[in-house]
Amino acid sequence: MDQQKIPQATAKRLPLYYRFIQNLSLSGKQRVSSAELSEAVKVDSATIRRDFSYFGALGKKGYGYNVNYLLSFFRETLDQDDITRVALIGVGNLGTAFLHYNFTKNNNTKIEMAFDVSEEKVGTEIGGIPVYHLDELEERLSTDIQVAILTVPATVAQSVADRLAETNVHGILNFTPARLNVSENIRIHHIDLAVELQTLVYFLKNYPQ
């Protein structure tokens, strides 16, 4: 099936399914029901079945889903055998945490380099990742770097995004409050932690469990 027709909400849930199925496989489990998946990932069973239906017959009624088959399917669908190389721009507290973490649970995603303007950080390694001066951004970003993580001050986020647009980067994970304007060939995911926290507090107050 043409993955362009898969709803974005479904696409966002695929890595969640994949991680749980990975854990099932490691535990030696051979099959799983949509109800078990629902309980584990906190997505209702009907939504899971609908998500899976976009990819054809992944399971059998009365049997559930074969764990190894799902693992193989999602690995291919999510391109888990291809390495995604990432650059991080902004080595403050959040950026430093990313460098130490470096997606240890995702073997196909690696931060290769970082950029900052601090004299104390430029020329060092954090979590084994070299930190370069921001002035070297275009020079250092190779054609292999496809994704950038932005953890810079909001005041400079747009100017950095403009520079990234001149490189081979096609995806930006933006952790700044700034809403960025870039060309259509670059996809941006905005993650504003303050907004997420405010949303959580609102739901706690207005939708008590």
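Just so you know, glycine gets a Cβ as well, placed from its N, Cα and C.
Owing to the predicted nature of the structure, the values given are computational and were not obtained by experimental measurement.
Feature annotation from Swiss-Prot assigns DNA-binding region to 16-55; the stated evidence is sequence analysis. In the DNA-binding region (16-55), helix, strand and coil residues by DSSP number 28 helix, 2 strand, 10 coil.
The annotation NAD(+) binding site is assigned in Swiss-Prot to Gly90, Val91, Gly92, Asn93, Leu94, Gly95 on the grounds of sequence analysis. Within 10 Å of the C-beta of Gly92 (NAD(+) binding site) we count 13 further C-beta atoms, all protein chains included.
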Report task. With an 8 Å cut-off on Cβ-Cβ distance and a minimum sequence separation of at least 6, pull the same-chain contacts of Gly90 (NAD(+) binding site), or say none. Result -> Phe115, Asp116, Leu150, Thr151, Val152, Pro153
Query raised in the report: Within the chain of Val91 (NAD(+) binding site), which residues six or more apart in sequence place their C-beta under 8 angstroms from its C-beta?
Result: Leu99, Ala114, Phe115, Asp116, Ser118, Lys121, Ile126, Val131, Thr151
Report summary line: Comparing local Cβ density (other Cβ atoms within 10 Å) for the binding-site residues Asn93, Leu94 points to Leu94
